Amino acid sequence: SFPMHFSTPDYVIFALLLVASTCIGLFYALSGGRQRTTQEFLLADRSMSCLPVSLSLLATFQSAVAILGVPSEIYTYGTQYWFLGVSYFLGLLVPAHVFIPVFYRLRLTSAYEYLELRFNKTVRIMGTVTFIFQMVIYMGVVLYAPALALNAVTGFDLWGAVLAMGLVCTLYTTLGGLKAVIWTDVFQTIVMFAGQLAVIIVGAHQAGGMGEVWRKAINGSRIASLDLNPDPTERHTFWTLGVGGVFLMLALYGVNQAQVQRYLSSRTEREAVMSCYVVFPCQQVVLCLGCLMGLVMFARYGEDSPLDKGYVKTNDQMVLYFVMDVFRDLPGLPGLFVACLFSGALSTISSAFNSLATVTMEDLIKPYWPAMTEAKATLLSKGLAFAYGLVCLAMAYTASHMGSVLQAALSIFGMVGGPLLGLFCLGMFFPWANSTGAIVGLVAGLVMAFWIGIGHFVSRMAVPTTLPPIINSTAMPLPSNMTTAVMTTAALYNLSYLWYSAHNSTTVVIVGLIVSLLTGPMKEKDLTPGTVYPVLGNLLFFLPECYREILYCVTPLPQKVGLSHPKEEEKTEETEREKDEDEETATPQPSCRLAHTLQETAL
């Protein structure tokens, strides 16, 4: 392996990225309302337009783990992963037309406020604590993974990189609030695109053009056809990616606080929905760039991967090795790609800090200290963002001792996101679900998630020596029911990680509904107006009006949507368009009809 090190231009470009990000934070700390209110610090004064919000949504999802992971996935297994793009369609349409209207009209700050309005305070706190646990673990991995790859390939100081990233990120998130987070995301998205494009163009040119790259990929059977195998234990098939992926997208784009907060920072509901639509083509472009990079890598190395030759130790490091190899004679470009990689990490972490500060403030502090002054609350929010920054650095240190548990930490992200998605679906689509059902459902979903996740991890280490003899052996016959149990458990442990979210959210909904029906379903009169989405009515739009009302009428709503929420009195100025909508729909009628009419007028 030849020595690869950063040149001076590389360090300069990398440093410029960190400086620019900090400057954006300082600019928003010293301009506008100077982040003096929690509304401005946590929700950007609900003043953002569609384009920055959509680029920010994209950047939050497109972390460094994806930039390193997708090309090495394509290089190793072929382009099957590309079919994940199919799931983006439903994964963004449902949030746009179901979750955003409900959250936006209730004028929430934290997505978990919804759980209290729909169920009770206990459910809200359980949802919040689950989310905090998920994000803190995930942040440590997002910080550590790119720094580790960078250290292995270029000798760049590991903890220097982690500290630089963590501190810069903490600084601009604490100073500039959500506005700074969104605008640095926009800047970082552009850097990400530039870095990936540079690698693809130069790499393809060195391999003899795009046509040659394609020819080598076909000869090396890296271009995957449509795999319609319905087996859920297959790692990647059209169904696991296209259908299982939808639930993963919904957990990310529908109910994850980091994304919900961006929708709520939009000027109007229409802009929030439009940002969802704009993300769709951007995500397809990002996915294609990752896939093309993997194919260019294959054209360069063929079957002799740097991993097999021992130049790198893990798949994650392969992409960086390839970049350093391609840009060997082009100083400055490796720095651009590393800046691209760290942009991915920074955008994800800053969103996490901001959303964690928000849920801690809104769900765990404000309800117990309602008399807190605005200035004190804002200061505390900034302190929380800063504290989570330090916690994240500590998590990165823990991640460094996990070794192969990095994979487990990423699975935890899927394992925890699924039950939360199930909890929101239970509240939004099933009017008779009660708070007991919600609590038992969430606990059942989490238990199931960790049982399968940890079982998968353990069985992967132990399977070769234990399971096959039990299942295939003729020498030691087992009772048939026990064989079935062993087979079912083995199949569950081998479930593709893309089905985790679907499996766990379904568990929450089914258990929640059964418990609700056993403990006395929720009465129509007890439901908070505007918290249930009239899903049946919208699906059965072809039925006559009178039948639809019987099917999905939820609660009479004698007041305007949103006024049931305590924050409504203190809300800042609204746009004229929203006021007009409210006046149009102020007449008393069933909430489901109202939600239906409102949705059609709004969109």
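Using N, Cα and C of the backbone, Cβ positions are placed for all residues, glycine too.
TrEMBL entries are annotated by machine, without manual review.
What TrEMBL lists as compositional bias 'Basic and acidic residues' is 565-578. Sequence annotations record features per position, and here TrEMBL assigns region 'Disordered' to 562-603. Annotation comment: TrEMBL describes 12-30, 50-70, 82-104, 125-146, 158-178, 190-208, 236-255, 276-299, 336-359, 379-399, 437-458, 497-518 (among others) as transmembrane segment.
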What residues elsewhere in the chain lie close to the transmembrane segment (276-299), defined as a C-beta under 8 angstroms and at least 6 residues from its ends?
50-51, 54-55, 57-58, 61-62, 66-67, 70-75, 79, 81-82, 84-85, 88-89, 92-93, 95-96, 100, 192-193, 196-197, 199-200, 203-204, 207-208, 212-214, 216-217, 220, 222, 253, 263, 318-319, 322
Which listed range (12-30, 125-146, 190-208, 236-255, 336-359) shows the maximal number of Cβ pairs under 8 Å with respect to the transmembrane segment (82-104)?
236-255
Can you tell me which parts of the same chain pack against the transmembrane segment (125-146), counting only residues 6+ beyond its ends and a CB-CB cutoff under 8 A?
63-65, 68, 110, 112, 115, 161-162, 165-166, 256-258, 316, 341-342, 344-345, 348-349, 352, 355-356, 359-360, 363-364, 388, 391-400, 406, 409-410, 412-413, 416-417, 419-420, 423, 439, 442, 446
Per Cβ pairs under 8 Å, the stretch of 12-30, 158-178, 236-255, 437-458 packing most closely against the transmembrane segment (379-399):
158-178
Among 158-178, 190-208, 236-255, 437-458, which stretch has the highest count of C-beta pairs below 8 Å with the transmembrane segment (12-30)?
158-178
